[in-house]
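Annotated in Swiss-Prot:
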type	residues	note
SIGNAL	1-19	signal peptide
REPEAT	40-84	repeat 'Kelch 1'
REPEAT	86-137	repeat 'Kelch 2'
REPEAT	139-173	repeat 'Kelch 3'
REPEAT	174-219	repeat 'Kelch 4'
REPEAT	222-265	repeat 'Kelch 5'
ACT_SITE	E228	active site, proton acceptor
REPEAT	287-336	repeat 'Kelch 6'
REPEAT	338-367	repeat 'Kelch 7'
Amino acid sequence: MNKTITALAILMASFAANASVLPETPVPFKSGTGAIDNDTVYIGLGSAGTAWYKLETQAKDKKWTALAAFPGGPRDQATSAFIDGNLYVFGGIGKNSEGLTQVFNDVHKYNPKTNSWVKLISHAPMGMAGHVTFVHNGKAYVTGGVNQNIFNGYFEDLNEAGKDSTAVDKINAHYFDKKAEDYFFNKFLLSFDPSTQQWSYAGESPWYGTAGAAVVNKGDKTWLINGEAKPGLRTDAVFELDFTGNNLKWNRLAPVSSPDGVAGGFAGISNDSLIFAGGAGFKGSRENYQNGKNYAHEGLKKSYSTDIHLWHNGKWDKSGELSQGRAYGVSLPWNNSLLIIGGETAGGKAVTDSVLISVKDNKVTVQN
């Protein structure tokens, strides 16, 4: 294994000497969202504020082009999906009209032909932040994410506390010192039909909801990898949603990034190989939680994973490394590979570069 990773490091270095995967993003980019339509990549929100950009990946002179600004204000943790030529943006965390941080449950649609946005008369039955979105048979599916009432209440309390550090410490201790099930992360699967702009119940996880999971789908199968089980506590769980036939089946696969797990990781598929890379977490938090410490990440430093794992023969194998740990960027399918755009590294620093992870014969190639 060490020889393999050493060889990969040499490959990474050789790629670094060549042209970068994509031009640097116009601003350091993290906690945003993105989608790809044919060969055009779209990214926006997060550290980009209300800005959106597109890039034609097959153009001779690749460059990011600014699009119409998002009308719903700056958002973190929104998700997006392309359906029938339009870009849909779901929820996120931002400021309301009173300047208070909140979780949104709204939907916006962007029309690339007119470079224009419209807010739809449609609201999900629950807040959407930390959720994942994927497309299947012309519908968008949403699952996971924080509980809107609990999350909004936390920020209302912080707003009232203002600069009173004693009150803030008390609020944080109260917020984080609960068991995972007491946060009521969303375990329902919702479907959104663009033709009717209606939300429907599509099922629910037999286990628990997560926030900040990585998601990837191919054909009738979708995978949800890791994420938070509660604020500050990750899970190493991997869930598979199988739409084959008339009944949706939920399967639980072998864990990855054990024992602590990560959130904000990246998932993709290359030559039928399922890839999971990066993510951020708190080493030791799982042990703390199992020992009865609900505020499991208290005093721990967030770490950023460089690991690249492949799903092979019913288990995960560490098969390579990123040049640096990163999380909370955008992962997209491109050129039969996993494309990672932006993200944050140690200390929460937003980055502007992109990474391409490809797999052939169970060997990983990383291009920066």
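Cβ coordinates are placed from backbone N, Cα and C, and glycine is handled just like the others.
If you count C-beta pairs under 8 angstroms between the repeat 'Kelch 7' (338-367) and each of 40-84, 86-137, 139-173, the highest count goes to 40-84. Per-residue pLDDT, averaged over the repeat 'Kelch 3' (139-173), rounds to 98. Taking a C-beta cut-off of under 8 angstroms and a sequence separation of 6 or more, E228 (active site, proton acceptor) has the following same-chain neighbours: G130, F185, T210, A211, G212, R234, T235, A263.
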